[in-house]
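Chemist: Have a look at this one before I ask anything.
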Amino acid sequence: MGIVKGRSRAGLFIGFLFIVNVGFCVFAQESSNEERKIYVVHLGVRRHDDSELVSESHQRMLESVFESAEAARESIVYNYHHGFSGFAARLTDSQAKQLSDRPDVFSVAPNRKVELQSTRIYDYLGLSPSFPSGVLHESNMGSDLVIGFLDSGVWPESPAYNDEGLEPIPKHWKGKCVAGEDFDPAKHCNKKLVGAKYFTDGFDENNSGISEEDFMSPRGYRGHGTMVSSIAASSFVPNVSYGGLAPGVMRGAAPKARIAMYKIVWDRALLMSSTATMVKAFDEAINDGVDVLSISLASAAPFRPIDSITGDLELGSFHAVMKGIPVIAGASNTGPEAYTVANVFPWMLTVAATNIDRTFYADMTFGNNITIIGQAQYTGKEVSAGLVYIEHYKTDTSGMLGKVVLTFVKEDWEMASALATTTINKAAGLIVARSGDYQSDIVYNQPFIYVDYEVGAKILRYIRSSSSPTIKISTGKTLVGRPIATQVCGFSSRGPNGLSPAILKPDIAAPGVTILGATSQAYPDSFGGYFLGTGTSYATPVVAGLVVLLKALHPDWSPAALKSAIMTTAWKTDPSGEPIFAEGEPRKLADPFDYGAGLVNAERAKDPGLVYDMNIDDYIHYFCATGYNDTSITIITGKPTKCSSPLPSILDLNYPAITIPDLEEEVTVTRTVTNVGPVDSVYRAVVEPPRGVEIVVEPETLVFCSNTKKLGFKVRVSSSHKSNTGFFFGSFTWTDGTRNVTIPLSVRIRVLNP
């Protein structure tokens, strides 16, 4: 548990830690009997522009709890002295407590682990290089921007990093590539891969979190970092597929953007990082000059109750946003249960995962000459074998050898368990029947086919009607377009926001199922250096790449303005106009807690008309509304702060969504919009109220001109419900007849005294 001061309410941040230094001395003796472990200490905004002076102040602070200057110096793991001030050090629990007791200290918390969570994607999203007036060409494909990744490293030989035809490296870039095992900057970096660093000091002294297979360099064994960077910003690579599946030209969302990798993920099996290492990478990325940060990492969910600020990812991202760097992060992969969404803070752009209009299948031809298709990502040769039904696949294994096995399961984990069991017992293949409209994402080198219960029952009837049932399974094939329905994936974590329910999370959805990307050629599941990845990890770089394009078009927009443009222009249906569903039990129409504002639409986002902008004063509003005292807020923001009395309402944060988790009586919510479209514009309000909720907008019309670029409005919310309810959903739009600026409305009724 972290040690935090100046807190009057239960926790805001998960997973980060920090402190502040103003030169106050507390003399203490180091306890030689206590175990030392890494603590991350955040000191808020830098007191000096000179990074050496900042580091010296860290040294002096540590000397106050150590017996000698040398011992203090040896305890330091990382100095954070570029984008913000802080350090990671090996401390005893009592030393951490002594630091936290200082009047100039904000918080201290122990180092933790943090988990990681294309040939069709961008055509599906309408982002085509063949459109001369589209956002791709208008932004020069992101050529002048650098996108940073905090991930597992790169495989630099991948064609995704080809720099042919790229212009010189942007002048604002100050980063570099660092040499290491099998990584030579002169050979492996170029005008595409412009930065590559690795960080190991945040692990324990014997580096127990680092796999022996990995490289002590920016080179990544696992390939996750190569995947996410290629999804966001791969150069054009023709004739790519995964063993014949998903064939086409691979490209990132921003094909000319430059890539900087900060390797912080080392555990090959669990794909984890440490918080101390992550904070150091944030600090370096800010100083290097990245323009956008993509982070496929999240704290574990569901969230435990917390009474301290321990938000490494959250506070690192806050400092980045304060420097004008948008931070895009995944919602996590613990859905479809409610309250599982991660990365829930208002300065982050949090991404849920959907499928796209592409699936992979195999033909199953049975001995009665009936052919049925099932989902499969099998890339091997055609298989002919006997067919057997096994109800209890864990214990009844004697009949599996050389046969294709049919079994029925209820849960996701059972699919993997059945696959492992049939593989060990040398079955020729596996057909799994499962309830619901589930999209399989398992890539395997033997026939593995998913069907629903209805199809499974047909296959079972054939088996029982035949004395010697047989099956022939084709190699996998690719199907694009109708009739594949767009849906939010079952694994994609769901809202509401468990820490600040009035802040909608996730914010946006993007494709994250069977996404083709480049990977490490050392990785066993790689097929010629490519892989089909599934998870919010892969939806995140889709949005990050699109943000690069928007920032290239609008370099003066703040991260909040870019986020607003993404959210207010999102599709509420799929690109063909069909409804978006949400996987789960039962399957349902998607709502804002599944997909945020909707499915990302970059072409509309380039010209949103109006934006809900935020700056440091808005974030101070958020901190005050959630219970932080003036001293704590001043430390973390660097701006002298005195919260109003009574405290401001979190409902009035200028967020591009209105979420009211506990409507007891009529409430009025305020928002401000900034005109980024034609100077002389008139917008009128259009409301689709949640069921049983009355919405009144004042004024109903907004008139902008050269002297009026920002206008405020009020939304009065009341309900006719007489009892407690769940959430009801609607939307609110400002429209000028061409541009529709839409935000989600989410309201839950709480009648405390019926």
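Yeah, the Cβs are placed from backbone N, Cα and C, and that goes for glycine too.
Heads up, here are the entries from Swiss-Prot:
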- 1-28: signal peptide (SIGNAL)
- 39-116: domain 'Inhibitor I9' (DOMAIN)
- 121-606: domain 'Peptidase S8' (DOMAIN)
- Asp151: active site, charge relay system (ACT_SITE)
- Asn206: N-linked glycosylation site (CARBOHYD)
- His224: active site, charge relay system (ACT_SITE)
- Asn239: N-linked glycosylation site (CARBOHYD)
- Asn369: N-linked glycosylation site (CARBOHYD)
- Ser537: active site, charge relay system (ACT_SITE)
- Asn629: N-linked glycosylation site (CARBOHYD)
- Asn740: N-linked glycosylation site (CARBOHYD)
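Looking at the shown structure, can you explain where the listed features end up?
Modeler: Under the three-state DSSP scheme, Asp151 (active site, charge relay system) falls in the strand class.
All chains included, 28 other C-beta atoms sit within 10 angstroms of the C-beta of His224 (active site, charge relay system).
Around Asn239 (N-linked glycosylation site), taking its Cβ as the centre, 8 other Cβ atoms fall within 10 Å, counting all chains.
Residues near Asn369 (N-linked glycosylation site) in space but far in sequence (CB under 8 A, at least 6 apart, same chain): none are found.
According to DSSP, Ser537 (active site, charge relay system) is assigned to a helical segment.
Other Cβ atoms within 10 Å of the Cβ of Asn629 (N-linked glycosylation site), summed over all protein chains shown, number 16.
Around the Cβ of Asn740 (N-linked glycosylation site), 17 further Cβ atoms fall within 10 Å across all displayed protein chains. Taken residue by residue with DSSP, Asn740 (N-linked glycosylation site) is part of a strand.
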Chemist: Within 10 Å of His224 (active site, charge relay system) (Cα-Cα), which of the recorded positions Asp151, Ser537, Asn629?
Modeler: Asp151, Ser537
Chemist: In which DSSP state, out of helix, strand and coil, do we find His224 (active site, charge relay system)?
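Modeler: In three-state terms, His224 (active site, charge relay system) counts as helix.
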Chemist: At the Cα level, what's the spacing in Å between Ser537 (active site, charge relay system) and Asn629 (N-linked glycosylation site), rounded?
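Modeler: About 35 Å separate the Cα atoms of these two residues.
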Chemist: Distance between Asn239 (N-linked glycosylation site) and Asp151 (active site, charge relay system) at the Cα atoms, whole Å?
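Modeler: Asp151 (active site, charge relay system) has its Cα 27 Å from the Cα of Asn239 (N-linked glycosylation site).
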Chemist: For Ser537 (active site, charge relay system), list the number of other Cβ atoms lying within 10 Å of its Cβ atom.
Modeler: 29
Chemist: If I take the alpha carbons of Asn629 (N-linked glycosylation site) and Asp151 (active site, charge relay system), what is the distance between them in whole Å?
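Modeler: Approximately 34 Å lies between the Cα of Asn629 (N-linked glycosylation site) and that of Asp151 (active site, charge relay system).
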Chemist: I'd like the Cβ neighbour count for Asp151 (active site, charge relay system), meaning other Cβ atoms within 10 Å of its Cβ, all protein chains included.
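Modeler: If we count other Cβ atoms within 10 Å of Asp151 (active site, charge relay system), we arrive at 29.
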